[in-house]
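Over in TrEMBL, the protein carries these features:
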BINDING   Gly44, Pro45, Ser46, Gly47, Val48, Gly49, Lys50, Gly51  ATP binding site
DOMAIN    37-215  domain 'Guanylate kinase-like'
Amino acid sequence: MPASSTMLLFPMSSECVQRQGVLEGTQGSLEPNLKRGRLLVLTGPSGVGKGTVVRQLRQRHPELYFSVSVTTRSPRPSEQEGVNYFFRSREEFFRLIEAGELLEWAQYAGNFYGTPRDAVLDKLSQGQDVLLEIELAGARQVSQHCPEAIRIFLSPPSLQELERRIRERGQDSEASIERRLQQAQQELDAQDEFDYVIVNDDLEQALLQLETLLYPKWPEPEVPAT
Ligand SMILES: Nc1ncnc2c1ncn2[C@@H]1O[C@H](COP(=O)(O)OP(=O)(O)OP(=O)(O)O)[C@@H](O)[C@H]1O
Ligand SMILES: Nc1nc2c(ncn2[C@@H]2O[C@H](COP(=O)(O)O)[C@@H](O)[C@H]2O)c(=O)[nH]1
């Protein structure tokens with residue numbers, strides 16, 4: 001599978017950024033260069049290790065704001081309300097869509113998932129980097145609304161390993177595992193749409209690659225010889 005790392009320059013005039021300006025009242029103000037946070041989007045097939053990578057990344061970079069999504073899926077035994085997800089009924093989820101409270105949303109493996117809009121835009125406008133861990137359709141919506149987002153695709157070393165990981169995790173029903181694996185090929189086919197692809201083979205290596213691209217260390221300026 002290809003592993004690319006293509007740096008793109010993002011236009012700063014997107015609906016996402018303008019909206020922040022409107023919300024914050026800074027458009028046309030004397031502080032047009034107010035530092036905004038970066039919107040980071042991590043996508044990849046179910047079981048590739050997104051959650052595992054995100055947990056580690058957050059431990060190393062507690063300043064990163066992780067967006068807690070809303071879902072209609074039932075909680076897994078280890079999951080907590082407001083920590084892993086906001087667990088909501090379908091009626092409530094559709095109300096949130098109608099009210100424009102979701103930055104993006106998608107149906108995935110029989111359930112609905114969405115990103116609360118205001119929390120994300122508030123953090124960005126306060127200069128905090130925001131991380132979304134979302135599936136492909138949602139990532140595409142974010143690209144449309146927020147083209148300055150940095151989009152990263154986490155890819156498995158092979159489909160066999162992906163299946164092994166989902167099964168070994170032991171958190172999903174057989175029906176759900178099959179739906180997730182069916183979806184996986186379509187997601188892998190779209191990885192070239194992303195700014196970066198990281199293969200999660202060795203976890204530590206994958207984390208290092210992610211950290212290197214998110215927090216590049218600029219070369220030290222050369223000290224002129226005296
Ligand atoms: N590099 C790796 N090598 C081996 N196992 C891994 C690696 N990364 C993650 N795993 C394991 O794979 C399983 C799936 O990981 P995780 O739950 O983080 O995936 P995910 O992409 O977040 O899935 P989902 O999208 O369904 O939430 C877990 O049991 C995790 O411990
Ligand atoms: N489009 C969105 N996708 C989301 C969001 N939150 C999570 N997800 C993705 O859904 C699948 C399944 O998650 P699981 O917790 O049931 O395994 C996975 O790819 C998540 O990344 C969201 O807000 N929007």
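A Cβ is built for glycine as well, from the same backbone N, Cα and C atoms used for every other residue.
Proximity to ligand 2 at the level of Cβ atoms, with a cut-off under 6 angstroms, picks out Ser46 from the binding-site residues Gly44, Pro45, Ser46, Gly51. In the structure shown, the C-beta of Gly44 has more C-beta neighbours within 10 angstroms than that of any other entry among the binding-site residues Gly44, Gly49. Sequence-distant neighbours of Pro45 (ATP binding site) (same chain, 6+ residues apart, CB-CB distance under 8 A): Pro156, Leu162, Arg180, Gln183, Ala184, Glu187, Leu188. Cβ neighbour density within 10 Å is lowest for Gly51 among the binding-site residues Gly47, Gly51. Annotation for Val48 (ATP binding site): spatial neighbours Leu154, Ser155, Pro156, Leu162, Arg165, Asn200, criterion Cβ-Cβ under 8 Å with sequence separation of six or more. Its own atom aside, the Cβ of Ser46 (ATP binding site) has 22 Cβ atoms within 10 angstroms in the protein chains shown.
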